[in-house]
């Protein structure tokens, strides 16, 4: 890496909490008096072309951290995206899912970033996947790393390699069009490790990710037949009116054990593993699963039907629990003249890529759902095989009998 610049932004719950920040000679000390989101942004300038990877994101699937106005809505898990159609993307020993917009790899567990980047480049970032989310955007000669964490204990921010400034913000005003952040911006001196004067600052921007309050009550998500091979997810939009500039969608990354039945789920698009016949133990080495995006209808309850794959038999009857987190959102078109760029996050590959640049995303609900898939009992396999074999033999014998049996001729009796 040739050079790095490091900026920090802290989002406080209110203006009063910023007053509790202590400014010392070499930095600032912040106390976790309320819910505080920390965004670290590292920008690396490099002098060579990177390969096909264009975005890497991580959000802990078990995280309960709430999204804030300074961050993008990341898909859960560890995700790698590429839009290079020529290059291969077969990390983790599995094949990617291909869609018209990108190819992707997904894992529920954290992977080493330094091992994924070309040449094993070390970014010298203190990764903390348990508590933080990450969004890494890669262009030809630049790597940008966005980190989002919650402040859980008192922390002192001091200068390190490339660190230039820290912003302390709170939401002054917010609506569906604009967000106004007010606060302080402090910079470190170039010639020393001391922090300079902190100045008042204000930021106006138009977000393209917005989060609806009390969302679980607006559009509840439920799952039915959770112990069968054909579970159904119901999304209740009966209380939502149709808008000519907006449509509702649900995006899901599904493990190999389950996939959307696109024939029974109108408006669904599925990429990846969707073979109806193959059991899970035949496909889980081929790819990680599938992606689906379903167009929903406002004013009614929407049903999405899934197929569960047959699992490898076990000695005793049991179930395997698999889960996923559908992302329910409303996508709205805005005027092309409206600038949706902002200093905190950028649009990139992922579900955002299915929509135009002038799209706003209103996130309504993201409820984790689970289904139980039964394991076949190994002890029953013999009986099933013998029964199936017997039925097949009887069917063949019956067909042979029908084919070889002498045909009856119809006779007529002439009456006098």
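Glycine residues also receive a Cβ, built from the backbone N, Cα and C atoms like all the rest.
On a predicted model such as this, the values are computed, not experimentally measured, just so you know.
Per Swiss-Prot, the feature topological domain 'Lumenal' maps to 1-381; the stated evidence is sequence analysis. Per Swiss-Prot, the feature N-linked glycosylation site maps to 35, 180, 319, 365; the stated evidence is sequence analysis. According to Swiss-Prot, the transmembrane segment annotation covers 382-404, on the basis of sequence analysis. Residues or ranges marked as topological domain 'Cytoplasmic' in Swiss-Prot: 405-416.
Checking the glycosylation sites (35, 180, 365) against residue 319 (N-linked glycosylation site) with a 10 Å Cα-Cα cut-off leaves nothing.
Distance between Cα atoms for residue 180 (N-linked glycosylation site) and residue 35 (N-linked glycosylation site): 18 Å, as a whole number. Separating the Cα atoms of residue 35 (N-linked glycosylation site) and residue 365 (N-linked glycosylation site) is a whole-number distance of 21 Å. Model confidence over the topological domain 'Cytoplasmic' (405-416) is summarised by a mean pLDDT of 54. Its Cβ taken as reference, residue 365 (N-linked glycosylation site) is surrounded by 20 other Cβ atoms within 10 Å in the chains shown.
Neighbours of residue 180 (N-linked glycosylation site), defined as other CB atoms within 10 A of its CB across all chains, total 14.
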